[in-house]
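A short write-up of the structure that comes next.
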Amino acid sequence: MAARRSVAVLLKRSVVSAAKSPAQTRCISSSSSPRRKVAVLGAAGGIGQPLGLLMKLNPLVTDLSLYDIAGTPGVAADISHVDTTATVEGFAGEADLAKALKGCDLVIIPAGVPRKPGMTRDDLFKINAGIVKGLCTAIAEHCPGALVNMISNPVNSTVPIAAEVFKLHGTYDSRKLFGVTTLDVVRARTFYSVLKGLPVREVNVPVVGGHAGITILPLFSQASPKVQLTDEEIEALTKRTQDGGTEVVQAKAGKGSATLSMAYAGALFAEACLKGLNGVENIQCSYVASDITNLPFFSSKVRLGRNGVEEVLELGSLSDYEQKGLEALKEELQSSIQKGLDFVKPQHT
Ligand SMILES: NC(=O)c1ccc[n+]([C@@H]2O[C@H](COP(=O)([O-])OP(=O)(O)OC[C@H]3O[C@@H](n4cnc5c(N)ncnc54)[C@H](O)[C@@H]3O)[C@@H](O)[C@H]2O)c1
């Protein structure tokens, strides 16, 4: 998908430009693009810091707003010295949240706690659900028209929470709310290309369903370039994609979850959204309000454009293995969605 290439080109270009004069470096930004303000909420965290840096490198961003409950002045000062065009402001603490959000076109939310060994899904849910509810209330009040990229886990529930909060405030537009599942796509591409010796830049693998365990369903039958995979290879690739988060949590041994690869994936998806807003339509996988299955939220390919989601694409033909995976994930995904809805509006049950 095109956005991936352009972030890579951008990073390369920035490195090359660093050897040139500051004036040349500043030319990276295209003066014909509209102003775009992007906020990162949770900007002092493991994901937030590298994501803030990657957004500062993106020429589509003109104003970068870095918000966290603490630590953002330092992060913002640090990132602001990078000689690219975007202005950078740091905001710390709830009293500054309105200023951080005002005028935003895109809000990216990696705020919350990551999964740690020994932590139950319920512990994680309770903390992050409350954080997301508070932040989305502020978005509804201060930048109701912004696109929202939800990274905070559990995404299967935090996206329905955001939708309910926006509905309560009368600001819900299903085209503007996204669960970021790009890391699943990035992992599927990487694992497929490494296994088959394919150039990763040419590889695409749609990943559908949700964003936890078996709800993550990579569609290797639709992967391109198409190469022959045995049943065992498909099973191994599928499981590794589904367990990618756990692989990192275990390797970090108590020191957090995927942050660097997530920041990369978050930056790819944010760029795809900004391109869409600027009229450059493109197709990405994302967890959105959907009617392509019987579940109210579902991840699939979506066409991004000026209004956010312009079209949710059908799943296409699935192999028997994928069809079984689809049936198997529905119960868990439905219950995670319900849990999110109930967190905001208990009468849903
Ligand atoms: N969608 C994905 O693919 C994906 C991948 C990895 C991690 N995650 C999730 O992203 C989230 C962040 O992970 P991390 O590793 O960066 O965690 P982290 O603990 O390093 O950072 C989280 C940051 O959020 C901040 N924060 C807490 N409450 C806040 C609030 N009310 N407002 C603003 N900021 C607040 C914290 O101060 C901290 O700086 C977790 O929920 C994690 O599970 C998602």
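Keep in mind that glycine also has a Cβ here, set from the backbone N, Cα and C atoms.
No curator has checked TrEMBL annotations; they are predicted automatically.
The annotation domain 'Lactate/malate dehydrogenase N-terminal' is assigned in TrEMBL to 37-179. Taken from TrEMBL, the feature domain 'Lactate/malate dehydrogenase C-terminal' covers 181-343.
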Q) So, by DSSP, how many helix, strand and coil residues make up the domain 'Lactate/malate dehydrogenase N-terminal' (37-179)? A) 65 helix, 28 strand, 50 coil
Q: Take the domain 'Lactate/malate dehydrogenase C-terminal' (181-343) and average the pLDDT across it for me.
A: 97
